[in-house]
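Notes for the one structure printed next.
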Amino acid sequence: MPDSGPMFKCLKIIISSFLIAVLLLFTIASIRTLSLDVNVGLQLARWEKTNNISLVIDHHQREELLANFKEAIRIPTVSFSEKESNTTALREFDRLLRKAFPTVFSSSLVRHELVANYSHLFSVQGSQPDLVPYLLLAHIDVVPASESDGWEAPPFSAKEIDGFIYGRGTIDDKSPLMGILQALEYLLIKGYAPRRGFYIGLGHDEEVSGYKGAMNIVRVLKQRSVQLSFVLDEGLAVLDGVISGLEGPAALIGISEKGSATVKLSVSMLPGHSSMPPSESSIGILAAAVKRLEENPMPRLFGHGPERGTFEHLAHKFGLPMKFIMSNLWLFAPLLGRVLERKPDTNAFVRTTTAVTMFNAGVKVNIIPALAEAYVNLRIHSAQSLQEVLDLIQSTVGDQRVKIELVNGFDPLPVSSADEKSFGFQIIKKTVLDIFPTVTVAPGICIGNTDSRHFKDLTNDIYRFAPVWFKPGDAQRFHGINERISKKNYEELIEFYFSLIQNCDIQKLPEPHSSVHEL
């Protein structure tokens, strides 16, 4: 009988080594869970004093700012397509801006110019030209809206219900737009002269890609050899009760956007009569290709993009076991990715999403169509490129009879800095915490696209955030029915930009009080 002693010894060593490895991993993960707080950073540091003017809004000013905002909502600045927009409304909006913000338009510190007939560029002069300027971005146009869709108030009425103003554009994007200009109006009235110069850009066709508005603003700035410290545009918001298990509200500042692609799939065959059908039709071949795309989603990439920073910044605001898992994405990212992919709204953070949005074929019930077409819209994860996605579509479809064409698309946007040396991120974060001290601030990823993507040649740092307060269900109002903002929240937006402009006037960021724990 062979001696089993060595085998047991070997097995014992393997089991012991495994247990030691598990214990070591658990110890490292526990230490990281207890010590990881990426939010400490500059909060305790000594910031340069700027002697900020405080904003006190009296009853008359409150009535006036709300009246101007409501008038902005009532002007139906709808973009229907790249070639069709409501130019009459855009001209009316121009007149409103001049009436609502007379000091902005008359100040010797502000240069205003119309760009591409309907967009606006304001250049605000700083007293210290050596300080690199920044840009605040917003857009005038809105998506279409119809009362028959089920609105509680007509979508261009700006009707007040229970302290909320209802209307298309209240969130996207007239509250930041009017808030920025209202803040500048108040600062100029109080005699404020910025040290750091800045720009305000208002595009008129963001909802149809910004090719005329934002792109022409970029062209003007490039002609003047302008380089920007950072750009702040719409994008993410303050989420209150939206993230399950999170203690308190969170302000997510978008540091990148997913890429986008529209791909056309088509199958061409000889037409025929339905009484003598072939074994496969153009519709059947295309339907099978589409089915393969839906059954084989793009690879899981959770933890390889900016979403990792989001979860690590929020980890300390969760209870166990989520705090333990989110503090240790180096270990648990694959597990968390599998959980998040189960719901469509969180699956968007895990991978490049694939959505079949159009399918066209056939003209008559008794004719087998020669042509079948489908359109697929993809939102590309930060860890992938447009070309990689196209190659994966080709291999997944795996049928030479299916023609694959890129209609349009672009790579994910570069990831902006969000560390303690990041001027733009830290100034935005400080401003948020000045106004909302109980909020946790974290970097995030925009799954939609904004005008800011056109400015990537002018700066390394583009941020997408407005302090719009979202509670459960509010995200569906964005481009949906019953878009609204509370009167209180609109005032908070004005206060945010009023404070932000002043906070930007420091020469440089302070030295960190303590460094981020890294393992």
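Here the Cβ of each residue, glycine as well, is placed from N, Cα and C on the backbone.
Around Asp172 (Zn(2+) 1 binding site), the C-beta neighbours below 8 angstroms that are at least 6 residues distant in the chain are Val142, Val143, Glu234, Phe478, His479, Glu483. Taken from TrEMBL, the feature Zn(2+) 1 binding site covers His139, Asp172, Glu234.
Sequence-distant contacts (6 or more apart, same chain, Cβ under 8 Å) of Asp141 (active site) comprise Thr77, Val78, Ser79, Ser85, Leu90, Gly203, His204, Asp205, Glu206, Glu207, Val208. Under the heading active site, TrEMBL lists Asp141.
Taken from TrEMBL, the feature Zn(2+) 2 binding site applies to Asp172, Glu207, His479. Using a 10 Å Cβ-Cβ cutoff, Glu207 (Zn(2+) 2 binding site) registers 24 neighbours.
Its Cβ placed at the centre, Glu206 (active site, proton acceptor) has 28 other Cβ atoms within 10 Å. The active site, proton acceptor annotation in TrEMBL covers Glu206.
Look at TrEMBL and you will find 255-399 tagged as domain 'Peptidase M20 dimerisation'. The domain 'Peptidase M20 dimerisation' (255-399) scores a mean pLDDT of 94 in the predicted structure.
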The domain 'Peptidase M20 dimerisation' (255-399): DSSP-derived helix, strand, coil residue counts: 58 helix, 36 strand, 51 coil
